[in-house]
Amino acid sequence: MAEKVNNFPPLPKFIPLKPCFYQDFEADIPPQHLSMTKRLYYLWMLNSVTLAVNLVGCLAWLIGGGGATNFGLAFLWLILFTPCSYVCWFRPIYKAFKTDSSFSFMAFFFTFMAQLVISIIQAVGIPGWGVCGWIATISFFGTSIGSAVVMLIPTVMFTVMAVFSFIALSMVHKFYRGSGGSLSKAQEEWTTGAWKNPHVQQAAQNAAMGAAQGAMNQPQTQYSATPNYTYSNEM
């Protein structure tokens, strides 16, 4: 088997850094989990874009007469939360769907609930926290309407992010409970060390993908539309 080369994030060649992770949805994720995994990846991308737009909103806030603290914090949140959210909650759910690991599911639930709380706080928008939320935006309309309109864009995006995060958390939790997952199972994986054993992870991945392929390729019994009667020659 060819060695997997890290391919994420895809960095330009002029940057003297190499990708840190290997990511291939079609190769790693079983078909029945592919759609949900990609949706969570798109949610991470939305979060990253929202943080970038928030930086623009805080710049408009600064130009309109707001303090420089918000712009500085917005820049900090962008460079901090973008990689941290990928490592802390997307990689665990990617690994959870890849290897059917209860420990990875629990790691996702713990960190993603924190992400949900952060998204709600960002949508609220407490002044001085480096986010263009509802409180900060509405209160700034009396100072500069133009800046407030620009600030309204990341405010709406933070709100959408919070709603989508709640929906995503509910969907993953419903799937996990429906598949028989539990906290005790995650604790068992932690105790036995199965969550970090590459051989166990590979076996779980192969079993999950094999079951999915078997379900799709299972032949269906064909029945003839014409009845076939067998008569005995004995009277």
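Backbone N, Cα and C atoms are what each Cβ position is placed from, and that goes for glycine too.
Feature annotations, courtesy of Swiss-Prot:
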- 1-39: topological domain 'Cytoplasmic' (TOPO_DOM)
- 40-60: transmembrane segment (TRANSMEM)
- 61-67: topological domain 'Extracellular' (TOPO_DOM)
- 68-88: transmembrane segment (TRANSMEM)
- 89-102: topological domain 'Cytoplasmic' (TOPO_DOM)
- 103-125: transmembrane segment (TRANSMEM)
- 126-148: topological domain 'Extracellular' (TOPO_DOM)
- 149-169: transmembrane segment (TRANSMEM)
- 170-235: topological domain 'Cytoplasmic' (TOPO_DOM)
Local confidence of the topological domain 'Cytoplasmic' (170-235) - pLDDT mean:
56
Stretch among 40-60, 68-88, 103-125 sharing the most Cβ pairs under 8 Å with the transmembrane segment (149-169):
40-60
Could you give the number of helix, strand and coil residues in the topological domain 'Extracellular' (61-67) as assigned by DSSP?
3 helix, 0 strand, 4 coil
